[in-house]
Structure formats: C-alpha cells, structure tokens
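Novice: Feature table excerpt (TrEMBL):
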DOMAIN    61-410  domain 'Amidohydrolase-related'
BINDING   H70, H72, H219, D307  Zn(2+) binding site
BINDING   E99, H192, E222, D307  substrate binding site
Amino acid sequence: MPQTIDTLISARWIVPIEPAGVCLKQHSLAIDKGRIVAILPTAEAPASYLARERVDLGSHVLMPGLINLHSHAAMSLLRGLADDLPLMDWLNHHIWPAESRLVRDEFVYEGTLLALAEMLRGGVTCVNDMYFYPGATARALLTAKMRGMIGLTVLEFPTHYASDAADYLHKGLSTRDEFNGEPLLGFTLAPHAPYTISDQTFGKVVTLSEELELPIHVHLHESQQEIIDSLKDYHVRPLARLKALGLLSPNLIGVHCVHLTTDEIHWLAQHGCHVAHNPTSNMKLASGIAPVSALLEAGVNVGIGTDSAASNNRLDMLAEIRMTALLAKAATLQAQTVPAHQALAMATLHGAKALGLDHLIGSLLPGKAADLCAIRLDDLETAPCFDPISHLVYAAGREHVTDVWVAGRRLLQNRELTTLNAAQLVARARAWRDKVRS
Ligand SMILES: CSC[C@H]1O[C@@H](n2cnc3c(O)ncnc32)[C@H](O)[C@@H]1O
Ligand SMILES: [Zn+2]
C-alpha cells in the first residue's frame, strides 16, 4: 500500500548536498508535515507514495534552500544611498546618520519584508539577521513564513531603539521571550563589533550565550582600520581581545574575518568558531579578500552571507556563491580551491552548522525540514548542461530560481511570491525613498 503524503516533487536532478558532490538524476522528493520523508527514483515513487499534491519540475535542479549567514535585511530601504566609500566613512558619515533619522519599528518591518521578498526570489529559505527592532524582524519573517535567526543587537551608543548596552540586551531578551516557540524563528546575541562594544558588555554576552545556549553573531576583523584602532585602544588585535574575554567557542559566528594572521586562523579552528564570508560587501567597501581557502584548510566552518543591500547592493546568494568560488581561486592562484560543490555546501550545510540548525536544514535528508529551492537549467544561459552542480555555481542566476518551499510550504511558485505582494512592497519602498532623501 502506498503511503499517503502531502507533496511529491519530481525533478530532473536533485542535489542533496550530503553526500558531497552527489547529483541524483530523475528523482523525487516526498514531503509530509513539513519534513522530507524520502528521496527516491521518480519511476519508483508511485508504488511507494500517494501524494495529495504532485509537482513535476521538469528540467530543474531541486536543492536545499540557500542560507544567508549574514544580513541586515531592513537596510534594503537604504540600497544605493551611499556607494563607493570605505567602511568607516560609509558607516560614520552616511549610514549611521540615516539610521538615526529613520530607523523605527515600521522601517524595520517594511524594509525586512522587501529584503525577504528579494531573498525568496533568489532561493533563500533561511536568513541570519542583525538589526534594530528585532521584534519587527520577527513579525516580517512570520508574515513571509520564512525561516530566520534574529540577532538581538547590542551597541553601546544610544539610538531610537535603545539607550545603552543593558537596554539593548533587555529589549532583545524580551523580544526572544515574546516569540519563543515560533517554529521558524531562532535568536542570536548580536554585539555589533569589537570597535563598538566594551569588554564589560562582551562579558555579559558570553554569560548569556552560555546560559541561554544562543549563538553570538558579531562583525569581526572586517577592515584594516579595525585592527589599527584596536591596537591603539586596547594594545591587542580584536580577535586576541575576544579570545581573552572568552568569546571564542562553537557559539561564535565571526562575520567577515578578512584580516587574519595564521595564528588567528588556527585559534578560530581550535575553538570551533564559524565564519560568515561576505565577498561582495568586502569588495565594495574595499575591506579586502577573506582568506577562505586557508580557513577551510584549517578546518574552520565557513558559510556565506550577503551583508546588507546598502553595501552589496543585491541580496543575491547565487551571486555570492559564484563570487566565493572565483575569489578563492584568484586569491590563491589555485584553480582547484573551493570547487563548485564546496561553494554550494558553504551556502547551505555550512550555514546551517554555524546556526546550530544542521539537524534540521542545510541538506536534503529524510527527517529534515522541507526547505527547498528549484532552479531551472533549460534556459539559454544554462545550455548545454553537462554538470548541474557546475551550472548552479558558475552559470545560473537568481532569475532561474522558480520555486521555494520552507517547512513544506510553497513560498515561491513559478516565480510568484505566495505570502508577499511584490507590487505593494515596491510601492512602499518608493514611499520610503522620499523620507530617506528628505
Ligand atoms: C546594530 S544593527 C547592525 C548595524 O550594523 C551596521 N552595518 C551594516 N553593515 C555593516 C558592516 O559591513 N560592518 C559593520 N557594520 C555594519 C548597520 O548599519 C547597523 O547600524
Ligand atoms: Zn554586516
């Protein structure tokens, strides 16, 4: 007797990510109650499963949804506001003044929705975000029905959101209490960066992270200036300071990690820390090129992020995957470094590991959540196709993403968003443009 299930999706290829480099031809994926039940040859599926809904994807690859390991989603409303500037000039003279004028709950909710719509249309199913008003981010994720880890942001300086580090932490933890138990939401502690956070506040963050088992999401070693300033102010490099404060552990997600010595790479590996690599943002802000090959060789888990639309200016994970594979080769003069299958794993399983979610997402295994994306490979940009994994990384673009599921729910269907209204989001973004400019 065939087992009754919710959905059966058949595709020309399935790339499960685990085992590494495998591509299954003419396979189907069975989903029930939001979870993957099985992956089996399409010819064998009717004998095993009776599906309430059948989706025949034809010439597509079905793969795990992409995991954006670092973003500030609401900053999509600041896209293109300040380009061609180095990090500290960009932040101090453009972004922070704009944020202090504009960022309120409504800005974060609407900006995050705009970003989530863009990410969904690019195959992203889970985002690790860091911004003010985490409650607004949570509501946006619930509206979109997308998975997300919400940073409980900490800064020392006052903003409209909070007055000092204690207030940021208090407000963040209240938000966590309010949304705890939501199956698609998780939380991180998000101290902004070593140059904005005191030793005392880092100490509190470590204690809370251990007590509440929360990952720590922090910008780290992003620019040369950050290292110079730390040597001037603390007489040590930022990572050595964080090491002395007890931050290096498997709970740590260090964002950027562009400027690292060999010793620092080994510390990250020895302590089981994770790195979020943001190649486009690092190039655009002239921060540099992260030593991704050396990190991977040392055994550090490296995932991939977009950073914000104000420094990228796209929230396009397929573009970041391609850039990751290409930059690693250009930086090392080694063509075999970060091969296509590894770049894909970084944007899926490695991201899931960094978030402590690899039991649930990041690869297509029975029992894991049905967080999936489908990418068509029968367009002229992807013809002919010898190897779907090669095309996913080097040839396909986000416009080839046709369908996305989160926990078995179809959020993108033939490129149409099912939970969000694209035209309304664009209209709201236009209205915000006038406020941003004034
Ligand atoms: C405290 S919420 C996040 C905070 O970070 C700012 N930000 C955005 N991009 C970057 C970056 O690349 N490095 C450092 N800080 C960044 C954002 O504007 C918010 O103020
Ligand atoms: Zn960032």
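Just so you know, glycine gets a Cβ as well, placed from its N, Cα and C.
Remember, TrEMBL labels are computer predictions, not curated facts.
For the listed features, I'd like the structural context: burial, neighbours, distances.
Specialist: Listed in sequence order, H70, S71, H72, V255, N278, T280, S281 are the same-chain residues six or more apart from D307 (Zn(2+) binding site) with CB atoms under 8 A from its CB. Taken residue by residue with DSSP, D307 (Zn(2+) binding site) is part of neither helix nor strand, so it is coil.
In the three-state DSSP scheme, H192 (substrate binding site) falls into the coil class. Remark: H192 (substrate binding site) has M130, T153, V154, L155, V218, H219 as non-local neighbours, by Cβ distance under 8 Å and separation of at least 6 in sequence.
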Novice: If the Zn(2+) site is taken as the center of the Cβ atoms of H70, H72, H219, D307, which further residues of that chain fall within 8 Å of it by their Cβ?
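Specialist: Once H70, H72, H219, D307 are set aside, the remaining close residues are S71, M130, V255, H256, A276, N278, S281, G305, S308, S311.
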Novice: Write out the long-range same-chain contacts of E99 (substrate binding site), meaning residues 6 or more apart in sequence whose Cβ is under 8 Å from its Cβ.
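Specialist: Listed in sequence order: L78, F132, T159.
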Novice: Tell me, how many other CB atoms lie within 10 A of the CB of H72 (Zn(2+) binding site), whichever protein chain they belong to?
Specialist: 27
Novice: Could you give the mean pLDDT over the domain 'Amidohydrolase-related' (61-410), rounded to a whole number?
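Specialist: Averaged over the domain 'Amidohydrolase-related' (61-410), per-residue pLDDT gives 98.
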Novice: With the Cβ under 6 Å from ligand 2 as the test, give me the qualifying entries from the binding-site residues E99, H192, E222, D307.
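Specialist: Near the molecule: D307.
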Novice: May I ask you to report the DSSP-based helix, strand or coil state of E99 (substrate binding site)?
Specialist: helix
Novice: Taking 10 A as the limit, how many CB atoms besides its own sit near the CB of H70 (Zn(2+) binding site)?
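Specialist: Total other Cβ atoms inside 10 Å, all chains included: 28.
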